[in-house]
Ligand SMILES: NC(=O)c1ccc[n+]([C@@H]2O[C@H](COP(=O)([O-])OP(=O)(O)OC[C@H]3O[C@@H](n4cnc5c(N)ncnc54)[C@H](O)[C@@H]3O)[C@@H](O)[C@H]2O)c1
């Protein structure tokens with residue numbers, strides 16, 4: 001089997017590399033020549049744990065290559081995956097499908113023989129049919145099928161997620177295309193991964209329904225955290241208490257500053273738009289979108305409160321900028337709302353992130369980038385833990401206290417235990433958990 005992956009970003013590069021690990025011949029295509037040059041020089045343009053070794057071994061085995069030449073790659077392929085970006089369209093929140101449709105046209109011109117065209121990008125219901133229409137318009141003679149095969153990998157654990165997924169979803173009614181997809185995923189079939197064959201539209205909707213459900217779960221626990229703060233309950237224990245119920249499940253019940261990242265914000269918005277246009281509005285998801293946007297903005301107020309109501313002339317140490325640990329992805333990170341609000345309130349921000357600072361510099365230009373967590377805390381009036389990177393989980397609190405002007409921490413990820421922090425002499429705020437009063441011993 002020979003495939004090409006159009007778009008060599010977080011999804012395309014990981015999926016392409018993992019397919020090559022399955023024994024498929026893969027050509028990853030991108031129109032960003034710098035990205036392809038770096039890959040051809042053995043560099044990995046994104047941070048994803050384990051990816052460098054997997055790319056290197058499959059390149060060495062001759063199963064994985066990188067090019068900007070879409071035509072040559074597509075002409076030689078049994079299946080062509082579209083893994084280009086589908087960001088929010090400016091102004092209306094719809095998914096911007098221009099990259100997908102442009103790729104479809106280019107693929108149509110280059111196809112030879114029977115070809116399965118697979119949308120791996122997250123695309124609204126109806127996109128697969130439109131891709132088929134475009135290909136037919138461009139090449140009335142073409143022999144092809146369009147399949148939806150949404151990707152569920154998470155940045156930070158992308159390889160494991162691709163290699164051992166909870167399920168694979170394949171949307172097509174063509175037996176011929178089903179057979180090609182079955183061959184490509186043969187390795188997963190052998191380890192008894194559930195493979196769900198369904199219609200194109202259903203498959204497209206499954207991806208959005210999954211992401212909006214998870215975003216709703218996060219938003220639910222965030223609101224429960226707010227209630228916990230009012231009534232003196234502990235959201236960590238509430239989450240455990242409900243999560244141990246198998247009908248609910250323990251995952252995605254971590255209260256925090258609001259969801260961010262390259263998928264949830266844009267996918268929730270896009271599904272809301274689709275549902276409104278179809279006359280079946282998803283009012284729960286509309287509310288989730290609204291609550292989450294307000295929540296991210298409100299987080300700066302917690303820092304303000306921890307500093308007695310004013311940040312004017314104060315220095316804030318920010319630990320973590322990416323939307324979650326183990327990625328360099330800054331897209332829609334809560335830090336992009338919180339940090340500017342701190343600066344707006346008069347604070348000087350000293351930040352450190354293990355992998356996200358190169359990307360952050362362009363997005364958050366008005367802050368100081370530091371060498372490590374301790375450098376960031378030097379001379380600061382308060383430290384804000386924004387992303388739960390492992391290296392922030394075991395800070396030397398005595399050293400931190402000696403570097404900070406005042407021992408104040410706002411922990412937006414509930415990494416530390418309130419009682420321990422009070423015992424260590426910190427004024428400590430977290431999300432949805434009471435902090436013991438130090439005067440009560
Ligand atoms: N990032 C994730 O965790 C994740 C997870 C699941 C699904 N998805 C979905 O996968 C899709 C891709 O996301 P991503 O994060 O990999 O995006 P990305 O921005 O990292 O990568 C997209 C790549 O496509 C390239 N590209 C665009 N048009 C092209 C064309 N015509 N020919 C060749 N290359 C082209 C771009 O240069 C870029 O390198 C999106 O629809 C996203 O919603 C992402």
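Here the Cβ of each residue, glycine as well, is placed from N, Cα and C on the backbone.
Quantities reported herein were computed from a predicted structural model and do not represent experimental measurements.
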Site co-member for substrate according to TrEMBL, given 152, 153, 154, 155, 252, 253, 254, 255, 256, 260, 324, out of 35, 207, 401, 405: 207
Further NAD(+) ligand in TrEMBL, beside 30, 35, 86, 122, 155, 266, within candidate set 302, 331, 350: 331
Candidates near ligand 1 among the recorded positions 30, 122, 255, 263, 266, judged by a Cβ under 6 angstroms: 30, 122, 263
Residue 35 (NAD(+) binding site) to residue 207 (substrate binding site) - Cα separation in whole Å: 27
Listed binding-site residues (154, 207, 266, 331), ranked by Cβ neighbours within 10 Å, top entry: 207
Secondary structure at residue 155 (NAD(+) binding site), reduced by DSSP to three states: coil
